[in-house]
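Visitor: Checked TrEMBL, it gives:
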type: REGION; residues: 60-79; note: region 'Disordered'
type: COMPBIAS; residues: 68-79; note: compositional bias 'Acidic residues'
type: BINDING; residues: GLU70, ASP89, ILE91, ASP92, ASP216; note: Mg(2+) binding site
Amino acid sequence: MFDPRPLVDIATAIGREAGALVQRMRASAVVSFDTKSTSTDVVTAADRASEQLVRTRLSELRPGEPILGEEEGGPDGDADVEGLTWVVDPIDGTVNYLYGIPWYSVSIAAQLDGESVAGAVVEPATGRVWTAARGHGAFLDGEPLHVSATTDLSLSLLGYGFAYRPERRQRQADTWASMATRVRDLRRAGAASLDLCSVAAGRLDAYAEHGLGRWDWAAGGLIAAEAGAVVRLPGSLPELGEDATFAAAPGIADAMYGALVESGFGKV
Ligand code: LIP
(Lines of atoms letter the chains of each structure in order from A; the text may use other names.)
(Lines give C-alpha, C1' and ligand atoms only; values in the text may rest on other atoms or scores of the structure.)
Protein backbone atom coordinates (compact mmCIF):
# COMPACT_ATOMS: atom_id res chain seq x y z
CA MET A 1 0.00 0.00 0.00
CA PHE A 2 1.45 3.38 -1.09
CA ASP A 3 2.25 5.55 1.95
CA PRO A 4 2.72 9.24 1.02
CA ARG A 5 3.93 10.31 4.45
CA PRO A 6 7.68 9.93 3.71
CA LEU A 7 7.15 12.38 0.84
CA VAL A 8 5.84 14.94 3.34
CA ASP A 9 9.06 14.58 5.30
CA ILE A 10 11.09 15.28 2.15
CA ALA A 11 8.95 18.29 1.20
CA THR A 12 9.22 19.64 4.74
CA ALA A 13 12.99 19.22 5.02
CA ILE A 14 13.69 20.81 1.64
CA GLY A 15 11.08 23.52 2.22
CA ARG A 16 12.81 24.47 5.46
CA GLU A 17 16.17 24.69 3.71
CA ALA A 18 14.72 26.86 0.96
CA GLY A 19 12.87 28.98 3.51
CA ALA A 20 16.11 29.67 5.38
CA LEU A 21 17.77 30.71 2.10
CA VAL A 22 14.85 33.01 1.25
CA GLN A 23 15.15 34.71 4.62
CA ARG A 24 18.93 35.10 4.34
CA MET A 25 18.61 36.64 0.89
CA ARG A 26 15.82 39.08 1.58
CA ALA A 27 17.84 42.23 2.28
CA SER A 28 19.59 41.96 -1.10
CA ALA A 29 16.85 40.25 -3.08
CA VAL A 30 14.34 43.05 -2.69
CA VAL A 31 16.74 45.77 -3.87
CA SER A 32 16.51 44.85 -7.53
CA PHE A 33 14.09 42.41 -9.12
CA ASP A 34 12.53 41.50 -12.46
CA THR A 35 8.90 41.39 -13.55
CA LYS A 36 6.98 38.74 -15.52
CA SER A 37 3.42 38.99 -16.88
CA THR A 38 2.90 42.61 -15.82
CA SER A 39 4.89 45.36 -14.06
CA THR A 40 3.40 44.21 -10.74
CA ASP A 41 4.19 40.49 -11.21
CA VAL A 42 7.63 40.41 -9.62
CA VAL A 43 10.34 37.75 -9.39
CA THR A 44 13.39 38.18 -7.21
CA ALA A 45 16.79 36.53 -7.07
CA ALA A 46 15.48 34.73 -3.98
CA ASP A 47 12.62 33.17 -5.98
CA ARG A 48 15.14 31.81 -8.46
CA ALA A 49 17.67 30.70 -5.84
CA SER A 50 14.95 28.99 -3.80
CA GLU A 51 13.72 27.03 -6.79
CA GLN A 52 17.28 26.08 -7.71
CA LEU A 53 17.90 24.77 -4.19
CA VAL A 54 14.68 22.77 -4.19
CA ARG A 55 15.48 21.29 -7.61
CA THR A 56 18.99 20.34 -6.54
CA ARG A 57 17.85 18.70 -3.30
CA LEU A 58 14.97 16.84 -4.96
CA SER A 59 17.36 15.49 -7.61
CA GLU A 60 19.53 14.19 -4.75
CA LEU A 61 16.72 12.67 -2.69
CA ARG A 62 14.32 11.69 -5.48
CA PRO A 63 16.50 11.28 -8.59
CA GLY A 64 14.74 11.20 -11.92
CA GLU A 65 11.34 12.43 -10.73
CA PRO A 66 10.06 15.39 -12.79
CA ILE A 67 9.75 18.83 -11.21
CA LEU A 68 7.34 21.66 -12.10
CA GLY A 69 8.45 25.00 -10.69
CA GLU A 70 6.98 28.49 -11.05
CA GLU A 71 10.20 30.01 -12.35
CA GLU A 72 11.73 27.22 -14.46
CA GLY A 73 8.61 25.38 -15.59
CA GLY A 74 8.23 21.65 -16.12
CA PRO A 75 5.41 19.13 -16.70
CA ASP A 76 2.11 20.76 -15.67
CA GLY A 77 -0.38 17.99 -14.95
CA ASP A 78 0.63 16.31 -18.19
CA ALA A 79 -1.29 13.10 -18.51
CA ASP A 80 1.75 11.38 -19.97
CA VAL A 81 3.87 11.94 -16.88
CA GLU A 82 4.05 8.59 -15.17
CA GLY A 83 4.58 8.36 -11.43
CA LEU A 84 5.39 11.21 -9.10
CA THR A 85 5.89 14.83 -10.09
CA TRP A 86 7.10 17.48 -7.66
CA VAL A 87 5.41 20.89 -7.79
CA VAL A 88 7.26 23.89 -6.35
CA ASP A 89 6.43 27.51 -5.63
CA PRO A 90 9.78 28.87 -4.48
CA ILE A 91 8.18 31.94 -2.91
CA ASP A 92 4.40 32.14 -2.87
CA GLY A 93 3.40 35.68 -1.94
CA THR A 94 6.35 37.36 -3.61
CA VAL A 95 4.82 40.84 -3.34
CA ASN A 96 4.45 40.32 0.43
CA TYR A 97 8.09 39.21 0.51
CA LEU A 98 9.09 42.34 -1.43
CA TYR A 99 7.25 44.61 1.03
CA GLY A 100 8.36 42.79 4.16
CA ILE A 101 4.87 41.52 4.99
CA PRO A 102 5.60 38.22 6.81
CA TRP A 103 2.99 36.18 4.92
CA TYR A 104 4.73 34.21 2.19
CA SER A 105 5.74 30.58 1.79
CA VAL A 106 7.84 27.96 0.10
CA SER A 107 5.32 25.43 -1.18
CA ILE A 108 6.33 21.91 -2.23
CA ALA A 109 3.93 19.13 -3.23
CA ALA A 110 4.23 15.62 -4.66
CA GLN A 111 1.56 14.70 -7.20
CA LEU A 112 0.60 11.31 -8.62
CA ASP A 113 -1.07 11.54 -12.04
CA GLY A 114 -1.71 15.23 -11.42
CA GLU A 115 -3.29 14.81 -7.98
CA SER A 116 -1.52 15.91 -4.80
CA VAL A 117 -0.59 13.12 -2.39
CA ALA A 118 1.81 15.00 -0.11
CA GLY A 119 2.59 18.62 0.58
CA ALA A 120 4.39 21.09 2.81
CA VAL A 121 3.90 24.86 3.01
CA VAL A 122 6.76 26.46 4.95
CA GLU A 123 6.56 30.03 6.29
CA PRO A 124 10.15 31.39 6.12
CA ALA A 125 9.29 34.40 8.29
CA THR A 126 7.97 32.36 11.22
CA GLY A 127 9.27 28.82 10.68
CA ARG A 128 5.73 27.44 10.82
CA VAL A 129 5.12 24.38 8.62
CA TRP A 130 1.79 23.26 7.23
CA THR A 131 1.65 19.67 6.00
CA ALA A 132 -0.66 16.98 4.68
CA ALA A 133 -0.47 13.49 3.21
CA ARG A 134 -3.48 12.17 1.33
CA GLY A 135 -5.66 10.15 3.69
CA HIS A 136 -3.61 11.06 6.73
CA GLY A 137 -4.89 14.48 7.78
CA ALA A 138 -3.49 18.01 7.79
CA PHE A 139 -1.25 19.61 10.38
CA LEU A 140 0.32 22.89 11.46
CA ASP A 141 3.60 22.20 13.25
CA GLY A 142 2.29 18.71 13.96
CA GLU A 143 -1.03 19.83 15.43
CA PRO A 144 -4.14 18.53 13.58
CA LEU A 145 -6.09 21.04 11.49
CA HIS A 146 -9.85 21.22 11.08
CA VAL A 147 -11.94 23.61 8.99
CA SER A 148 -14.44 25.92 10.66
CA ALA A 149 -17.87 24.68 11.66
CA THR A 150 -19.64 27.75 10.27
CA THR A 151 -23.03 27.20 8.61
CA ASP A 152 -24.14 30.80 8.09
CA LEU A 153 -22.88 32.46 4.90
CA SER A 154 -23.58 35.94 6.28
CA LEU A 155 -21.19 35.21 9.18
CA SER A 156 -18.41 33.72 7.02
CA LEU A 157 -14.97 35.18 6.30
CA LEU A 158 -14.00 34.91 2.64
CA GLY A 159 -10.42 35.07 1.32
CA TYR A 160 -9.79 36.07 -2.28
CA GLY A 161 -7.14 37.29 -4.69
CA PHE A 162 -6.59 39.39 -7.76
CA ALA A 163 -4.96 38.59 -11.08
CA TYR A 164 -2.01 40.70 -12.21
CA ARG A 165 -3.72 41.85 -15.41
CA PRO A 166 -5.48 45.23 -14.82
CA GLU A 167 -8.48 44.50 -17.08
CA ARG A 168 -9.26 41.33 -15.16
CA ARG A 169 -8.76 43.04 -11.79
CA GLN A 170 -11.58 45.46 -12.45
CA ARG A 171 -14.02 42.62 -13.16
CA GLN A 172 -12.79 40.81 -10.07
CA ALA A 173 -13.23 43.95 -7.96
CA ASP A 174 -16.86 44.15 -9.12
CA THR A 175 -17.38 40.58 -7.92
CA TRP A 176 -15.84 41.23 -4.53
CA ALA A 177 -17.96 44.39 -4.13
CA SER A 178 -21.03 42.23 -4.63
CA MET A 179 -19.79 39.54 -2.24
CA ALA A 180 -18.99 42.10 0.48
CA THR A 181 -22.66 42.36 1.48
CA ARG A 182 -23.23 38.59 1.46
CA VAL A 183 -20.53 37.53 3.93
CA ARG A 184 -19.14 38.73 7.27
CA ASP A 185 -16.04 40.19 5.64
CA LEU A 186 -13.34 39.71 3.00
CA ARG A 187 -9.60 39.17 3.30
CA ARG A 188 -6.96 39.51 0.58
CA ALA A 189 -3.71 38.20 2.12
CA GLY A 190 -1.61 37.71 -1.04
CA ALA A 191 -0.38 34.11 -0.84
CA ALA A 192 -2.69 31.43 -2.23
CA SER A 193 -0.93 28.53 -0.50
CA LEU A 194 -1.40 30.23 2.88
CA ASP A 195 -4.98 31.24 2.06
CA LEU A 196 -5.72 27.55 1.50
CA CYS A 197 -3.92 26.67 4.73
CA SER A 198 -6.01 29.34 6.49
CA VAL A 199 -9.17 27.57 5.35
CA ALA A 200 -7.71 24.34 6.75
CA ALA A 201 -7.16 26.05 10.11
CA GLY A 202 -10.57 27.72 10.22
CA ARG A 203 -8.94 31.16 9.95
CA LEU A 204 -10.92 31.65 6.76
CA ASP A 205 -14.27 30.01 6.10
CA ALA A 206 -13.70 30.01 2.34
CA TYR A 207 -11.27 31.14 -0.35
CA ALA A 208 -11.70 31.68 -4.09
CA GLU A 209 -9.37 32.98 -6.78
CA HIS A 210 -8.78 32.78 -10.54
CA GLY A 211 -5.56 32.27 -12.42
CA LEU A 212 -3.49 30.33 -9.90
CA GLY A 213 -0.61 28.18 -11.08
CA ARG A 214 -0.45 24.51 -10.11
CA TRP A 215 2.42 25.49 -7.83
CA ASP A 216 0.13 27.92 -5.92
CA TRP A 217 -2.48 25.29 -4.98
CA ALA A 218 -0.72 21.90 -5.15
CA ALA A 219 0.22 21.72 -1.45
CA GLY A 220 -2.31 24.13 0.08
CA GLY A 221 -5.24 22.50 -1.71
CA LEU A 222 -4.33 19.10 -0.24
CA ILE A 223 -3.90 20.62 3.23
CA ALA A 224 -7.35 22.23 3.02
CA ALA A 225 -8.97 19.03 1.74
CA GLU A 226 -7.32 16.88 4.42
CA ALA A 227 -8.60 19.33 7.05
CA GLY A 228 -12.17 18.74 5.84
CA ALA A 229 -12.69 21.55 3.33
CA VAL A 230 -14.61 21.24 0.08
CA VAL A 231 -11.84 21.93 -2.45
CA ARG A 232 -12.45 22.44 -6.17
CA LEU A 233 -9.37 22.96 -8.36
CA PRO A 234 -8.97 24.64 -11.76
CA GLY A 235 -10.82 22.80 -14.52
CA SER A 236 -13.50 21.40 -12.19
CA LEU A 237 -15.57 24.56 -11.76
CA PRO A 238 -17.36 25.44 -15.02
CA GLU A 239 -19.72 27.85 -13.27
CA LEU A 240 -16.87 29.68 -11.51
CA GLY A 241 -14.53 29.76 -14.50
CA GLU A 242 -12.06 27.29 -15.97
CA ASP A 243 -9.14 28.70 -13.96
CA ALA A 244 -10.95 29.06 -10.62
CA THR A 245 -9.76 27.61 -7.33
CA PHE A 246 -12.32 27.24 -4.53
CA ALA A 247 -12.09 25.98 -0.96
CA ALA A 248 -14.73 26.23 1.76
CA ALA A 249 -15.87 24.82 5.07
CA PRO A 250 -18.54 22.19 4.29
CA GLY A 251 -21.25 24.04 6.22
CA ILE A 252 -21.23 26.96 3.78
CA ALA A 253 -19.66 25.50 0.65
CA ASP A 254 -22.85 25.26 -1.41
CA ALA A 255 -24.12 28.68 -0.30
CA MET A 256 -20.73 30.30 -0.98
CA TYR A 257 -20.47 28.65 -4.39
CA GLY A 258 -23.94 29.91 -5.29
CA ALA A 259 -23.23 33.44 -4.04
CA LEU A 260 -20.03 33.58 -6.09
CA VAL A 261 -21.92 32.49 -9.20
CA GLU A 262 -24.61 35.12 -8.57
CA SER A 263 -21.91 37.78 -8.00
CA GLY A 264 -20.45 37.14 -11.44
CA PHE A 265 -17.28 35.41 -10.23
CA GLY A 266 -17.59 32.97 -13.10
CA LYS A 267 -17.50 35.75 -15.68
CA VAL A 268 -14.25 37.51 -14.74
C1 LIP B 1 0.55 34.92 -5.80
C2 LIP B 1 -0.62 34.12 -5.26
C3 LIP B 1 -1.76 35.04 -4.85
C4 LIP B 1 -2.23 35.81 -6.06
C5 LIP B 1 -1.09 36.64 -6.58
C6 LIP B 1 0.12 35.77 -6.96
P7 LIP B 1 3.09 34.47 -6.37
O8 LIP B 1 1.55 34.02 -6.20
O9 LIP B 1 -0.18 33.37 -4.16
O10 LIP B 1 -2.84 34.32 -4.31
O11 LIP B 1 -3.32 36.62 -5.71
O12 LIP B 1 -1.54 37.34 -7.72
O13 LIP B 1 -0.24 34.93 -8.04
O14 LIP B 1 3.14 35.21 -7.68
O15 LIP B 1 3.46 35.35 -5.24
O16 LIP B 1 3.86 33.18 -6.41
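Keep in mind that glycine also has a Cβ here, set from the backbone N, Cα and C atoms.
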Visitor: So what's near the region 'Disordered' (60-79) in sequence-distant terms, Cβ-Cβ under 8 Å and 6+ beyond its ends?
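Guide: Here the qualifying positions are 10, 14, 43, 47-48, 51, 54, 85-90, 111, 113-114, 213-215.
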Visitor: Around the Cβ of ASP216 (Mg(2+) binding site), how many other Cβ atoms lie within 10 Å? Please give the count over every shown protein chain.
Guide: 26
Visitor: Least buried of the binding-site residues GLU70, ASP89, ASP92, going by other Cβ atoms within 10 Å?
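Guide: Sparsest of the binding-site residues GLU70, ASP89, ASP92 by Cβ contacts within 10 Å: GLU70.
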Visitor: Once near-sequence residues are set aside, which residues in the chain of ILE91 (Mg(2+) binding site), 6 or more away, have Cβ atoms under 8 Å from its Cβ?
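Guide: Counting only residues 6 or more apart in sequence, the Cβ neighbours of ILE91 (Mg(2+) binding site) under 8 Å are VAL22, THR44, ALA46, ASP47, SER50, TYR97, TYR104, SER105, VAL106.
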Visitor: Same chain, not part of GLU70, ASP89, ILE91, ASP92, ASP216: whose C-beta falls within 8 angstroms of the C-beta centre of the Mg(2+) site? Give them in sequence order.
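Guide: The surrounding set, listed in chain order, is VAL88, PRO90, GLY93, THR94, SER105, VAL106, SER107, ALA191, ALA192, SER193, GLY213, TRP215.
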